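Undergrad: Can you keep this structure in mind? I'll have questions shortly.
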Amino acid sequence: MTATLTTCPYCGTGCNFYLLSDDDGRLTGVEPAGQHPTTRGQLCVKGWNAHAFVDHPDRLAVPQIRRDGELQSADWQQALDLVHDQLQAIAEKHGPDSLMFLSSAKVSNEENYLLQKLARAGYGTNNIDHCARLCHSSTVTGLVETLGSGAMTNSLSCFDETELVFVIGSNTTEQHPLIGSRILQAKQRGAKLLVADSRKIRLAKHADLHLRQQNGSDVALLSGMMRQILRDGLEDRDFIAQRCENFAAFAEKLESYTPEYVAGITGLEPEQVIAAARLYAEADRAMIVYAMGITQHSHGVDNVRAISNLALLTGNLGKPGSGVNPLRGQNNVQGACDMGALPDVYSGYQNVADPEARKKFSTAWGCELPETKGLMSTHAIEAAATGEVRGMLILGENPMLSDANQGMVKKALERLDFLAVIDIFPTETAAFADVVLPASCYAEKDGSFTSTERRVQLGRKAAEPPGLARTDWQIICELLQRCGLKSDYQNPAEIMAEIAALTPSYGGISHDRLQGHGLQWPCPDKTHPGTPILHIDRCTRGKARFSPVDYRAPHELPDRDFPFLLNTGRSYFHWHTGSMTRRSHLLDREERFAFVEINPDDASQLAIFARQQVRISSLRGSITCRALVSEKVPAGQVFIPFHFTEGAANALTNNALDPESGIPEFKVCAVRIEPC
Amino acid sequence: MTAVVAKTSIYTPRSCRLLTVEQLTPQEKLFRLQLLDGSELQHQPGQFVQVSLPGLTEAPISIASSPTRTGDFELGVRKAGSLTSALHSLQPGAQIGIRGPFGRPFQMESLRGKQLLLIAGGCGLAPLRSLIQYCQDCRDQFASVQIFYGARSPQDLMFRRDLDSWQIDDNFSCRYTVDNKPADSCFDGETGLITELLNEVVLQPENSCAVVVGPPTMYRPVIAELRRLGLTSEKQIMLSLERQMRCGIGKCGHCSIEHLTCCCDGPIFWLEEVEHLRGAL
Amino acid sequence: MLKSLKREDLLRLLETLAEQYDLQVPLKLPDGTRQLGRYGSGELSLCGPLLQRKPTSLLFPQAELLLSINPDGSVEQPHPAEKPLALFGLERSDLAAIAFLDRFFLCEPADDIYQGKRENSLLIGLTGFAGENSAYLPPAGENCDLELIATADGWLGCAYSAAGKTLLAPFPDSEAKERTEIDQRAAEPKTDSLLKAASRLLREDKVPDAFWQEIADRCILCTGCNLVCPTCSCFCVQDRIRDGKTERSRVWDSCQLDAFMREASGHNPLGTEALRTRRRIHHKLVADVERWGEIGCIACGRCDRTCPTGIGMFAVVEEMINQFG
Ligand SMILES: Cc1cc2nc3c(=O)[nH]c(=O)nc-3n(C[C@H](O)[C@H](O)[C@H](O)COP(=O)(O)OP(=O)(O)OC[C@H]3O[C@@H](n4cnc5c(N)ncnc54)[C@H](O)[C@@H]3O)c2cc1C
Ligand code: SF4
Ligand code: SF4
Ligand code: SF4
Ligand code: FES
């Protein structure tokens, strides 16, 4: 038995474990790393099963090219030539900005870095983005404005020191299980727990106060809490005076958010809003934890601003056990953002519109670089549907299931002149591709990944890729070479050296230094020990900024024809579009069927019984799935996870976008339910 | 020193040929099978086999025919999920794997000479049919045989032909009932719960033995009724407990009830062996 | 038979073993933990804390091929290993766990897949002053073929089987006095009395359902407690079709999962978190006593270490005794 230490491919917690393999090189199991600071010998069920999908017979093992309407095996040379020729031809004919590159939060930092380099330097477009657009783009936009950095301000170890955890819009024990468990442990040791979530999640059972506010009413709730904090004089005046700006304008905006007004919007009692404000503000050290429940709204950025305001108001920033803690979903969504797989920034959030930054990168890469910022992935899909974007390269993403409004995504992918997909499984998206390139999964390559607490750590190769599959960085290098760019990287460590040279926050990071438990960025130089807590004496942007916001209703609310509010998300056992977890026996067995959670009162009113097939329809589409009658959702709301292609939640969701971050409103739309 | 190389293991399925398939109800089919090597299954009533289909693992299915009827064996299968659906799509001539027979059978030595009450609900008639056929073939071994069967609706009645033949068999008494019948049904049999049929039974309690096989919800009311009829001593009520099963040999843990396994210690138990165990009934 | 081995004798013994066996020894892993791995494939770490990966995983692995079914229906067994296994460096609880699994898997009808790995294999205990920072580990006794007991200046070799005796034959005899001194240190660990007390509470039905509900609310269903437990033996079976050939394997399962007993109809005898949490504890402390005459927890502490929310066996046992004892 061989044991290879590596990083979990699922959530952003960043657990480390050993992949165990037998004499034939097959993975036979997982053992958590006993001494790793976030892992501590513990994993969640997905981590414990992370070996299971790796050698699944469905793995893509040969390049495929569409001939006569069908994907057929091809050799690498042919396939890569075709990808390059097509992309280049489209760029020449319709301009570089008719191309779109989708990178992946599942691949390494090195691979993300190379892909944004390929898009910008190779094909001359800033049209590069990845699924952070769908999860935390609101965070990046909002927190960069208020604090100067869009990342989690504190570390996971802070849960051991905090007095209160305020969880809003995060089902932490299911989506970041080993962070959820730390919250439960904090509660056991005596910390307070405040939960704001319309669903009765596990943490709610342990909460000192559970608020079930209407989905989409968070700005009102948070504003009401902040107004109350000011009323009670519980704000941190020194912190506001010394560390913040724009307080007056912000405070003025709060005036109208009386407990009664807030109660009317949120569906809560006025007393609950007051109690929540006091509970939070009376703690000396309080951590706010949030995730998709905050960001995935047409006013996602406003939600994030309100959260940031709340932390600033009470001085919960820059010290242990406090902070604004967005939990990043994918194992490397933080890294993909850090690496500049975004339309407006290079690695380290250096703006493409900034001439100096552009000069730095164009000198390093030896070519001219485009100045206008590129398309967000959500806009790119819309542009593909109208024919403005014509060529697309998708690396390890499955927008057919993961993007809002599946009908439109389908139209967009069909309309493309050329689509290349690099993936490990034949996904719903790959079915539309002209070329499909087989990639190595996390267990078959070396590289670094950045967890939600900004911990950059190594993933290590534990198995050989199937058939002819290659690592993503090798595939991208082939395209870089065809574009006449540097492509002779010997290994990911060399790529990291280039990243470190160009990216101040990663300046001191090298693969050698990442052995052990990794490093938390910013890590500006070779001797810097890393930064567990951000904004200690001053914020990244200097002074922290209060950003006044007003409540805006969600784009589409239930009405007579579509009387239920649809909430979407994930379940504990599956990951995103299910391509890995539905191929892992134990995880699949737990949840084998698409389902909709429906409140018992609603179910009995509609004469729907448990496990019955029901039809759910919105303005955009209609699906069928099994009814799961459960108290977890409030009456009037239904919840569907988006893992299942046979009951795809995103056939229903609304692609109304936040005007600033471009995130779709995954958490609110209106639907109708009928037994079928 | 090297371990003996075995060509098979306890997990190796044996090949069977599917001889005939008969639709019993919209949900259930009867499969007649024969071992490819021509040998007999050599089971006892109440035992089950693990049916294996490539890609779908295995499912435990009771043997629905009596060992006294040699040459082949039968399985009555409800279409319940992935493996059973695949089974339903097979045509005669197909090959399927089986392991077994497994499990503790009906305790024949305790049934001999007794007045038997054989009570089945839903799919439970499949294993009971094996015992009923056995009783038919060895009639002198039992004092009397009364059969009671309940199904949800007329179309859910399994083994209609058998039921009718048992009804006209002089050696048996056989009654069946449905919980509900649709208004437009031409079904002229009895309606009502199976416990209502038991209400009217006449027997000598001290010389009687009941066998109960049915869905989980049936056991408590039926047992209460049997107790009322005077079956209160040990070894008077036998029942079958079914659980999810993966191995059939007491190792995988899926079928356990406290310290017992349904695949080895059961599926047939005496009531007093399991009654006090949490989650058994 | 009692033998005396010098430090350097041990390496000689390992070399001999490696010739005849697939020798698995404690190796040091990059994060500082220890785990069994093939001799020669990493840095030997004879003494130290409990092995992170349960050693029983070499006899009953997390994923294991049972058989393959060819398209024509014929069935193939996986190739047997070339050499039998020798597990070196086990402490008392490891060996007690293997003894527990032996009895479980080998009782009729025997699981011949397990048997194939276990037959002719060799178990070597490593006890005495061989724990973390030379902490004292009580001798393992007859659950192994031979045992090496660390003394101040070497090893005391005790053989319990014919194979063990042959291996130790070349080494000089030792005085029985030394062994007696070692044995005198071995008292019943405190953990045993805790487990017994908890077992009694459960058998006397003193623990109400509300207790299980409260514990279950804290369980995040990671399944770790089952997967790390060296006496847990539950598995499920998976089929994968690769190039027309069906690979049927078994993989570790966990009774903490809802689908563990969920039936095709949706009926689930272990249908609530509270029932499943109760089963995890009850199985070891009551059902195993009923079936095998002894508690099924060998007190290794692994589940308490791996439970992210602090409700492993001993945490629950202590809470139970505090509340109801
Ligand atoms: C002793 C005994 C006797 C029985 N006798 C009969 C009988 O005579 N007639 C009859 O009709 N039924 C009988 N049953 C019930 C029968 O075994 C089930 O209906 C059958 O197992 C359903 O299997 P399925 O694959 O069709 O259903 P599924 O619902 O697909 O599977 C059943 C369970 O197996 C697991 N599972 C199956 N496939 C997968 C997969 N691909 N991935 C993950 N998990 C999976 C799931 O946990 C699921 O809950 C008996 C059961 C027992 C225990
Ligand atoms: S908590 Fe996240 S990182 Fe840790 S094992 Fe689970 S999925 Fe992997
Ligand atoms: S301590 Fe925990 S892991 Fe160890 S044997 Fe007991 S129950 Fe199993
Ligand atoms: S280790 Fe703890 S959290 Fe995980 S399944 Fe077991 S009891 Fe639950
Ligand atoms: S079926 Fe495996 S233990 Fe009973």
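The first residue you see is number 1, and the count goes up from there.
Heads up, the Cβ atoms here are built off N, Cα and C, so glycines get one too.
According to TrEMBL, the record shows the following:
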DOMAIN    B:11-108  domain 'FAD-binding FR-type'
BINDING   B:Cys247, B:Cys252, B:Cys255, B:Cys263  [2Fe-2S] cluster binding site
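Help me picture these features in the structure, burial and contacts included.
TA: According to its DSSP assignment, B:Cys247 ([2Fe-2S] cluster binding site) is coil.
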Undergrad: With H, G and I counted as helix, E and B as strand and the rest as coil, say where DSSP puts B:Cys255 ([2Fe-2S] cluster binding site).
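TA: B:Cys255 ([2Fe-2S] cluster binding site) sits in coil per DSSP, no helix or strand.
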Undergrad: Report the member of B:Cys247, B:Cys252 (the binding-site residues) whose C-beta atom has the most other C-beta atoms within 10 angstroms.
TA: B:Cys247
Undergrad: Taking only same-chain residues 6+ apart in sequence, whose CB is under 8 Å from that of B:Cys255 ([2Fe-2S] cluster binding site), what do you get?
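TA: Looking at Cβ-Cβ distances below 8 Å from B:Cys255 ([2Fe-2S] cluster binding site), excluding near sequence neighbours, one finds B:Arg243, B:Gln244, B:Met245, B:Thr261, B:Cys262, B:Cys263, B:Gly266.
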Undergrad: Specify all same-chain residues, apart from the site residues B:Cys247, B:Cys252, B:Cys255, B:Cys263, whose Cβ lies within 8 angstroms of the center of the Cβ atoms of the [2Fe-2S] cluster site, ordered by sequence.
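TA: Neighbours found: B:Met245, B:Arg246, B:Gly248, B:Ile249, B:Gly250, B:Lys251, B:Gly253, B:His254, B:Ser256, B:Thr261, B:Cys262, B:Cys264.
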Undergrad: For a quick check of packing: other C-beta atoms within 10 Å of the C-beta of B:Cys263 ([2Fe-2S] cluster binding site), how many?
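TA: Around B:Cys263 ([2Fe-2S] cluster binding site), other Cβ atoms within 10 Å: 27.
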Undergrad: Please average pLDDT over the domain 'FAD-binding FR-type' (B:11-108) for the predicted structure.
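TA: Here the predicted model's pLDDT, averaged over the domain 'FAD-binding FR-type' (B:11-108), is 96.
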Undergrad: Let's see if you can do this one: DSSP helix, strand and coil counts over the domain 'FAD-binding FR-type' (B:11-108), in that order.
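TA: The composition, in the requested order, is 8 helix, 43 strand, 47 coil.
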